[in-house]
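Inspection log for the structure reproduced underneath, given as structure tokens.
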Amino acid sequence: MMCGAPSATQPATAETQHIADQVRSQLEEKENKKFPVFKAVSFKSQVVAGTNYFIKVHVGDEDFVHLRVFQSLPHENKPLTLSNYQTNKAKHDELTYF
């Protein structure tokens, strides 16, 4: 992967689900709601001064959210951060930089 360029969209992995799970409470607090389902479906990653993960998450029924999660460099020892998110997404909506 080239530094700065997002990767191609890939199916979510166990690691992707783990990342999404770690920021779930941040999203639920910002949206003031609990999601009955929180299943990572696909993702892109972008290497910057750390890594941005763009994750499509199924949150119930036909509803999806897109998350941008920042993981700092390992030596910084910082928690994952929900940098941004988009609600009202559908299964067919493409993951793009936001």
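Placed from the backbone N, Cα and C atoms, the Cβ positions cover glycine too.
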From the ranges 36-40, 41-45, 46-50, 66-70, pick the one that Swiss-Prot records as motif 'Secondary area of contact'.
46-50
Quick one: DSSP breakdown of the motif 'Secondary area of contact' (46-50) into helix, strand and coil?
0 helix, 4 strand, 1 coil
Near GLY4 (site 'Reactive site'), which residues of its chain come within a Cβ-Cβ distance under 8 Å, counting only those 6 or more away in sequence?
GLN46, VAL47, VAL48
